[in-house]
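K.L.:
This is the structure, below, for whatever I ask next.
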Number of protein chains: 2
Amino acid sequence: MADGPAPKRRREEAAAGPGAPFPLGSVRLRRVLRDSAREKAAFVHGQVPGPAGQPEDAVLILERTPFREEEIEELLRAHSKLELQTRNDIYSTYRLYPPPELSEIKATVVYPATEKHLQKYLHQEVHLIRETWEDYKNITLPFIQSQSFSIQWVYNILEKKAEADRIIHENPDPCNGFVLVPDFKWNQNQLEDLYLIALIQRRDVKSLRDLTAEHLPLLRNILQEGKEAIRKRFGVPGSQLRIYLHYQPSYYHLHVHFTALGYDAPGSCAERAHLLEDVLDNLLLDAGYYQKRALTFALRADEPLLKKFQEVGRV
Amino acid sequence: MADGPAPKRRREEAAAGPGAPFPLGSVRLRRVLRDSAREKAAFVHGQVPGPAGQPEDAVLILERTPFREEEIEELLRAHSKLELQTRNDIYSTYRLYPPPELSEIKATVVYPATEKHLQKYLHQEVHLIRETWEDYKNITLPFIQSQSFSIQWVYNILEKKAEADRIIHENPDPCNGFVLVPDFKWNQNQLEDLYLIALIQRRDVKSLRDLTAEHLPLLRNILQEGKEAIRKRFGVPGSQLRIYLHYQPSYYHLHVHFTALGYDAPGSCAERAHLLEDVLDNLLLDAGYYQKRALTFALRADEPLLKKFQEVGRV
């Protein structure tokens, strides 16, 4: 590649290889996997030329960014075009076309993307599962163990091989410690959609289902130190944070979500989010609570785990 | 005004008068009333010079627009600037600055705006309360009893004095019966945002806090008959329904919400919604579960109950 025809061409070719920036401008759109009109986000299946010229899959998540207070006056003044659309009594609507610097889009790239990544973002019908502990042991756990969804990126963070500069707080205790980092969904420009993740140091707790009274010190550390770190760094008090675990989680290394209470974060719904304080109280009430209680979650029609439940007539 | 110094000046002065386009570029920002990070919308209190030069109030609602499939390739190519933000394994994030024509903002103007308009859009800060059973007995219950929230409208439905034609299902048993009606928020035109409410016949159960094992037959009836009635009438199976109670509820006569699982209904978040199946299992586990466990809920800054918690130093 060192003797490519021109510097520009060389840069583009190199771009698809490991270590180089992703060639966003060369993406060919295959299809829109999902378009969230409410959230102004699009999940896109695209392809870029791979090292040997063959098309390679990528998932692009495009998301428009929230308004920032300090930009609003400028936005109203600096628009390049303004069109009146409708008018009725005291109400009128306009289309306004702001300059690029006030129109930031957050783009998340998954590259190379596997079929699994594409499926993950594809819009699907959803089914509710009521998973008993027996279901977990007989269906869910064997399924999780049979999958090899890589969580290398989690280990990279815990080992400071990636994102070390993004760590907001760390408790290094191998048993009761954790690392707090901003979630990828948050661009950190405004507090309205504040979103952080606490990743536990130990690697033997997959999800809520594994939790027992043994984990109370770990969970208390996450609750207390996480709140305190967010208050110190971002000035947001604990009473304005929604702190919860997902079940099912999207990856099986225990983690806790911290989101701004006023932010209607995706996945904060009752059929997925379990408030950390409720988890603590349930474990205090009964050390084996999560090995007894049925848990509800939703699965999309294409998720292999749903098929497992269907095969044994549990859906 | 006809002899204003220059045409441009004249146009701007005229702009604030009736009939002329609203002078969006002359708006002075007073404050952001509410910023919805998830929906990428901002509600702004602004002022423009009125006919006599005095500042006049306006509300501006700014909303970024959803992505359009046909624009996505162009967006990726035509960005004026692209910045790599983070990179970890197969994931990377970028900031992308698209041209004005791909960054349309919808602006809705309410002008002139009254104080009522400003209040309507004003964001209220939200605080999380962790209510113990003692808090309930000492703060919440006396507060509920001191209020005279009328629930006559509920009794009207139960007694067929109102909405009798809207009843989807009824179990007339005075102890374990209920009435199922469409919620007012649902216009019944489409199933995507299906929303129904089950109102219990008996009048002595205010909320989740009153529930004990005694209420298991009632709750089971609601779960089973409610699902069955919705499947029959609307063709939506129980596995695609989110069935839950609110705590705090908006009125203190026990009721259960049935919403389409795919619909991100307001109030379906983990800090307010309690899945009926979880409630049933908790009562089976411990008949006095809801008289023991702390419960979390959010209160807006202007809610009187928040003041009660503040007075005794519980917030």
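From the backbone N, Cα and C atoms, a Cβ is placed for every residue, glycine too.
As listed in TrEMBL for this protein:
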type: REGION; residues: B:1-24; note: region 'Disordered'
type: BINDING; residues: B:Trp153, B:Glu163, B:Asp183, B:Lys185, B:246-257; note: substrate binding site
type: ACT_SITE; residues: B:His255; note: active site, nucleophile
K.L.:
Would you mind checking how many other C-beta atoms are within 10 angstroms of the C-beta on B:Trp153 (substrate binding site)?
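P.N.:
Excluding its own Cβ, B:Trp153 (substrate binding site) sees 13 Cβ atoms within 10 Å.
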K.L.:
So for B:His255 (active site, nucleophile), how many other CB atoms are inside 10 Å of its CB?
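P.N.:
So the Cβ neighbour count for B:His255 (active site, nucleophile) comes to 23.
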K.L.:
Near B:Gln248 (substrate binding site), how many other Cβ atoms are within 10 Å of its Cβ?
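P.N.:
Taking every protein chain into account, the count is 20.
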K.L.:
With every protein chain in view, what's the tally of Cβ atoms within 10 Å of the Cβ of B:His246 (substrate binding site), excluding that atom itself?
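P.N.:
Taking all protein chains shown, B:His246 (substrate binding site) has 19 Cβ neighbours within 10 Å.
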K.L.:
I'm trying to understand the geometry here, so how far is the Cα atom of B:His246 (substrate binding site) from the Cα atom of B:His255 (active site, nucleophile), in Å to the nearest whole number?
P.N.:
8
K.L.:
With DSSP assignments reduced to helix, strand and coil, which class does B:His255 (active site, nucleophile) get?
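P.N.:
In three-state terms, B:His255 (active site, nucleophile) counts as strand.
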K.L.:
CB neighbours of B:Tyr252 (substrate binding site) within 10 A?
P.N.:
19
K.L.:
Relative to the Cβ of B:Asp183 (substrate binding site), which residues of the same chain, six or more apart in sequence, are found under 8 Å away?
P.N.:
B:Tyr195, B:Leu196, B:Ile197, B:His257
K.L.:
What three-state class does DSSP give B:Asp183 (substrate binding site)?
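P.N.:
The residue in question, B:Asp183 (substrate binding site), is coil (DSSP, three-state).
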K.L.:
So of B:Ser250, B:Leu254, B:Val256, which of the binding-site residues has the fewest other Cβ atoms within 10 Å around its own Cβ?
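P.N.:
Fewest other Cβ atoms within 10 Å, among the binding-site residues B:Ser250, B:Leu254, B:Val256, is found for B:Ser250.
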